[in-house]
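In what follows, a single structure is set out as structure tokens and then discussed.
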Amino acid sequence: MLTGCRNLSRTFLFLTYGRVCTRRSFISQTSLCSSTSAVSSILLTQSSPTKSHSFFPLHPTVHFSPTRCLSRSVLSPSLMELKEVLQVLEQLAPLSLAESWDNVGLLVEPSKSRPVKTILLTNDLTDAVMEEAENMSCDLIISYHPPLFQPIKRLVQKDWKQRLAIRAVESGMAVFSPHTSWDSVKGGVNDWLIGGLGSGQVSVLNQALGGASHSHKLEFTVRSVEQLNQVMDELKACDSGTTLQHSVSRHDSSGIHVSLTCSDSALTPSVQTLLRHSASSQSLSILKLEKPPLPGHGPGRLSVLGEPVTVATAVQKMKSHLGLSHLRLALGVGHTQDTSVSTVAVCAGSGASVLNGVRADLYITGEMSHHEVLDAVAKGTSVLLSDHSNSERGFLAVFREKLAVRLPDSVNVAVSKADRDPLEVV
């Protein structure tokens, strides 16, 4: 019966898809129609857009609801709450991928809940962008750079960033910043940036690691099942049983051998508990667990180009990709503009710390200090600089498309027209 319904709904969907749902190709589970229907949702794997580097979430399978699309013409568009939009943003680029020093996530939250109807994307939240957001009656500003970074002891009008936060609160606007989570995620800012030179074999410069909740493994022995139960009850009592997982590896003449995994916070109370029991204290060993790598995620990218280009061609390609008329170029020792470029390393923003020591024909980033450029040039690497935010801003239009297809038609996603790099060539 279920299979028949799925086949029927799939046929009906394809017949009506082009006419009814031209704006959306698929939508996320967070925006499924809430009305009851006998037609089941169809699971589809997210298809790759025409861009050479797709912006995929960590879990690319999404739910598509034909019921929702078909009912859109007769029912009012569904509304999304802020928390639902935040869930979509987290699916696109988990905040766990951000650098530890960064300040990402929801920075300003309105006191009164209201549906999110207008989202404004910007690279930086400035007075001009805030005025634009106010004129749009914006509900959520997604600012790539966090407008609030350092701890704030007071909210006053003297500081321009605090003024922006106050205006957001007074207007009931939420402010969210993804920053380095967008840099790190597969298909994010850095994949977009390196895609400007064409296809190639792309690898991550600094591999991101998974946020494993269990960081330590404790191995010990108990003499009996009764003692095992007693020890585990004590462990759960001191840690509420939320971060402990255990397994019995073997049972022999020496006793029952137990493996226990726990988080950093649970390590000390767990060890103290085990030391109170003679058998477990004598056999206790503690192992540090490494976090698993997340392939394709992490800061910076290195590309071995499928078709090498000259330095001059690389400059022209990046001008076109970034929408700029001027870039700054430092030729590596022995390089001319006709030198062939086969390997390119990129890092959006200020990339010297990520690019340092990477062997490549060309570095592309927003900014590097004078001495950092000299170091690269001396090692035979040419450097191409666009100024900080110019290496990031073009991704906003890409992200807008990725976000819009995951939200209902009731949400308008716009890219700021007032946002621009503070520096310009004069």
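Every residue, even glycine, has its Cβ placed from backbone N, Cα and C.
Pulled from TrEMBL, these are the features on record:
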type	residues	note
BINDING	His145, Asp183, His388, Glu392	divalent metal cation binding site
Binding-site residues compared (Asp183, Glu392) - the one with the fewest other Cβ atoms within 10 Å:
Glu392
Long-range Cβ list for His388 (divalent metal cation binding site), cut-off under 8 Å, min separation 6+ in sequence, same chain only, gives Gly349, Ser350, Gly366, Glu367, Asp421
Shell list (divalent metal cation; ref centroid = CB of His145, Asp183, His388, Glu392; cutoff 8 A)
Asn123, Tyr144, His179, Val189, Ala348, Gly349, Gly366, Ser389, Ser391
If you draw a 10 Å sphere around the Cβ of His145 (divalent metal cation binding site), how many other Cβ atoms fall inside it, taking every protein chain shown into account?
17
